[in-house]
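Here is the structure we will look at, set down as structure tokens.
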Amino acid sequence: MFWMFIQLFLSLFVPFALIIYGRKKGWLSWKAFGVGMLIFVLFSQVLEKIVHILVMDPSGTSLKGTDNVWAFVAYGALAAGVFEEIGRYIGFRFMLKNHRTFGDGLSFGIGHGGMEAVLIGGLSAVNMMVMSHLVQTGQFEQVASSLPATQVEMLKTMLNQPDWVYVLGSIERMFAIAIHMALSLLVLYGVRKGQFRYVVYAIFIHALIDVVPALYQVKIISNVWTVETLLAFIAIASLVFIRRMSEKFHCFS
């Protein structure tokens, strides 16, 4: 349970630390941060999930009507790219008309990626801590009897995974926040220039990034370290991109 707590702590601490850093540097925008959070919840956790229910098998590992893994990978990657990047575009285009500075882009990305870290990393850790407590107190089987067999097996697999997996999960959220900040700046740059093609670029970049974990989910990639190494390189590239975008945004001033 200790490592589950570490995952929870890091999932909350990293976004908070970025907020403090942004305030200290003077570029944090609370409005852009809040809109980033709202857009993630609305487009990723509500609208995208509705489409998932319509087209995905209840198992979550294939599409309805086909067992083709490549169709599943393509759908999963493009769905995330389309919903999240269109959401970013709507946020900047219509909700942040007077908040389009470099700092606003970073703030939006922190709000978007931070909310993802809390909902996916943080809540996942809380759920696993609760399940672990039920196992330790002998109540798990009682609760499991009311759940579908596939869900019970999934929970048992997650409870039996190595401790380092929880830490790896929280580190992956850090990578994701860097990527979200970079993509937010790319979309905002397109809005500032009045060129929608930058949103299209963001959609395809996002989709290509999501292909990696999707391939792991369908077991085409079996080594988790391969996935995390690729994501680490993408996160580093995102940080380089953020630095270069700083210069471009200064040209707007």
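In case you wondered, yes, glycine gets a Cβ from its N, Cα and C as well.
As the structure is a computational prediction, the values presented were derived from the model and not from experiment.
Noted in TrEMBL for the protein shown:
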{"type": "TRANSMEM", "residues": "6-22", "note": "transmembrane segment"}
{"type": "TRANSMEM", "residues": "34-56", "note": "transmembrane segment"}
{"type": "TRANSMEM", "residues": "68-86", "note": "transmembrane segment"}
{"type": "TRANSMEM", "residues": "106-126", "note": "transmembrane segment"}
{"type": "TRANSMEM", "residues": "164-191", "note": "transmembrane segment"}
{"type": "TRANSMEM", "residues": "198-218", "note": "transmembrane segment"}
{"type": "TRANSMEM", "residues": "224-242", "note": "transmembrane segment"}
Counting Cβ pairs closer than 8 Å to the transmembrane segment (198-218), the top stretch among 6-22, 34-56, 106-126, 224-242 is 224-242
The answer for the transmembrane segment (164-191), taking Cβ pairs under 8 Å and residues 6+ beyond its ends, is 3-4, 6-7, 9-11, 14-15, 18, 36, 84-85, 88-89, 92-93, 100, 102, 104-106, 108-110, 112-114, 116-117, 120-121, 124-125, 128, 197-199, 201-202, 205-206, 209, 224, 228, 231-232, 234-235, 238-239, 241-242, 245, 248-249
Same-chain residues at least 6 beyond the ends of the transmembrane segment (224-242) with CB under 8 Å of its CB atoms are 106, 165, 168, 171-172, 174-176, 178-179, 181-182, 185-186, 209, 212-213, 216
The recorded stretch from 34-56, 68-86, 106-126 sharing the largest number of CB pairs under 8 A with the transmembrane segment (6-22) is 106-126
The answer for the transmembrane segment (34-56), taking Cβ pairs under 8 Å and residues 6+ beyond its ends, is 62-64, 72, 75, 79-80, 83-84, 86-88, 90-91, 95-96, 107-116, 119, 184
